[in-house]
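Among the features that TrEMBL reports, compositional bias 'Basic and acidic residues' is placed at 652-667. What TrEMBL records for 40-651 is domain 'Major facilitator superfamily (MFS) profile'. The annotation domain 'Kazal-like' is assigned in TrEMBL to 455-509. Positions annotated as region 'Disordered' by TrEMBL: 652-679. Positions annotated as transmembrane segment by TrEMBL: 110-131, 179-204, 216-244, 264-288, 345-368, 380-405, 417-437, 532-549, 569-586, 623-645.
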Amino acid sequence: MRLLLLLLADHQLGCDLMGNSKQSLESRELGSLPGSVTKSLQFFVFCHGLLQLSQLLVSGYLKSSISTIERRYGLSSQTSGLLASFNEVGNTLLIVFISYFGSRVHRPRFIGCGAILVSLAGFLMSLPHFITGPYKYDQSVASTFSNTTDLCQPGVPGSQGNLSDDGCTPHAVKENHEVLLVMFIAQALLGIGGVPIQPFGISYIDDFASERNSPLYLGILFSVTVIGPGVAFMLGSAMLRFYVDIDKVAGDEVQLTNKDPRWVGAWWLGFLVAASLVALSAVPYFFFPREMPKEVASGKESNSKKSEDVLSQLRLRSEQMQNLSLTKFIKHFPLVLLRNLRHPVYLLVVLAQVNLSAMVAGLATFMAKFLERQFSLTASLANMIIGAVNIPGAMVGIVVGGAILKRFQMSLRQCSAMCVLGMFLCLLLALPLLFLGCPTQKVAGVTYSESSEFGHHTLECHLQCNCPKKAYNPICGSNAIEYISPCSAGCRVVNINADNSVLNYTHCSCISDQGLAGFAKPGTCGTNCSHLFLPFVVLSCLAGILASTSHTPSFMLILRSIQPEDKSFAVGIQFMLLRVLAWMPGPVLYGSAIDTTCILWEKKCDRNAACRYYDNNLFRQRYLGLQFFFEVGAFLCFVTVYVILRRQEREASNAAETKADPEKEKLAGNSIKSPESKV
């Protein structure tokens, strides 16, 4: 759902950029290779659909693997949120100039160059995997990969018996900084490369398609690209099933399963796949001509005077914009910005969309992590739920909203009423989600003290083990209490399966089982509330569908409430405000809120790295509470728009009645003059 609003915003911006591009009435072929394929607009539509799908795989894939990257490189949610939103920085800085450069450039080649940058960004995102060493984790079984163990070993200093203490060398610190630098550069390149792709591609199609085929082409293009985020999450679901070091470590050396909280999937593999697809999709754009032969519509051509007048006005406005210098364009932009921001309907609808976009930004970036923590899901399953349920649900909502709008030919007031109704029903379904979740599991020494239930058992049971404080290898005791490592549970024996995986731990002095030393199984105990998972998914999907129904009507409110000559600028301003006020700060805000709910941090060089345990109740309340706050904000904005439009409609109706009835007009005139006579 993360990119759906962004897609349609780009779509609208691209459609309106045709007003800023000089339409060619004569066909010319410049710089194309021999052959008819590069002169086919249908082939261009096919290539552009493939390119946009591939681009969304690169940008959407990061959201699907954000929790895995946090675990692999020890990032906080605030840092990962900043990383996820950093591509908006380069995009926002350059998107304003797209409406100026319009058709002054060779659009297909610019699209190809942008695609090359996107592809480079995808390859750069995977680079940290190749410049860092193998993933290290605490383990109980010595192997060729490591000869350390985190079992209880009396007399052995903890600092010598665990991998967690080896990560604070000057080389490791420098390596971590290099990883972050490479990822942020890649995200900036991704934003810059994506600038020309959608606006230039859609305006190019609209310029050279016939009036009859243009909506069909744009509809196909939108249908293809709108599934991009869903495909990205499904790709993440598939890639995260593989172990991160599948290319560095033999399979029999890996002692983890994908259900283990220490598991890190092959997050880098998806970037290679997506970047390769973008690179292949970019090739044809360097052979398309600057201007393509204009399609001739089959059937009768409309030669009505009205359509000719509209076309001539568009040409005149286009040429006026073409004659603007860059300096005049920059000076003209603030004036149009202020003029539109003074329009109450435009301003309120944009603010409503800012609230919705901020809600979607948090949902897309951290929903997979939320499901993992709240319902003890694997990263792969969480991504599959989002890609197969939430995003298709949002698509259904957008389609239903557009269909209702077309079926009933709604006025502006009716559009605002539809937005109000959709958001009100969304709020009704979203409210129960705040209370539909799982409590934090019992973790010894973190959320639970043994002495509270077993008077004779205290944390002193593992003091003789000399456990390192940084150890992390969760196990679930037979007493249904989770321990952060076998050492912290006082376990001295590990039993191994035939495939070298851990079966269980025994002789655990901290686990009491009917007065005897208990045993433990590897992995977390989980939250044990799987029965709430299905209701949560159903309610969140329905809430997303209802919120999405307001998407198309809200765009109609913007397009119909502003002056025609400001349309392309207004949509561009709207697009810029959504990025600056929602897409850029949104993930950082959500990440910061999530970090405040952490109760046990991983430590690297005495600083907080990735969070190991969250307070699940606080996590749910603050994460979903932020979403509910933004939904309420959007609802209030739409209610205010409805009140304004209803008042304007009533005033217009009264004015029309007064004008139609001369007697009323006469009485009205007398009533106006009477005060003057008194004065």
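Placed from the backbone N, Cα and C atoms, the Cβ positions cover glycine too.
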Per-residue pLDDT averaged over the domain 'Kazal-like' (455-509) comes to what?
80
List, by number or range, the same-chain residues at least 6 past the transmembrane segment (380-405) whose CB is under 8 A from its CB atoms?
1, 4, 8, 64, 226-227, 229-234, 236-238, 240-241, 258, 265, 363-364, 367-369, 371-372, 415, 418, 422, 537, 540-542, 544-553, 556
Which residues, given as numbers and ranges, are at least 6 beyond the ends of the transmembrane segment (264-288) yet have a Cβ under 8 Å from it?
31-33, 38, 43-44, 47, 50-51, 53-55, 57-58, 61, 64-65, 68-69, 71-72, 108-109, 111-112, 115-116, 118-123, 125-126, 128-130, 135, 232, 235-236, 238-244, 246, 258, 379-380
Structural state census, the domain 'Kazal-like' (455-509) (DSSP three-state):
7 helix, 19 strand, 29 coil
At a Cβ cut-off of 8 Å, and with pairs 6 or more apart in sequence only, do we get at least 3 pairs between the transmembrane segment (569-586) and the transmembrane segment (417-437), yes or no?
no
Let me spell it out: take the transmembrane segment (532-549), skip the flanking residues so only those 6+ beyond its ends count, and list any with a Cβ under 8 Å from a Cβ in it.
1, 4, 356, 359, 363, 375, 377, 385, 389-390, 393-398, 400-401, 404, 418, 422-423, 425-426, 429-430, 432-433, 436-438, 631, 634
Please work out which recorded stretch in 110-131, 345-368, 417-437 has the most C-beta pairs separated by under 8 angstroms from the transmembrane segment (623-645)?
345-368
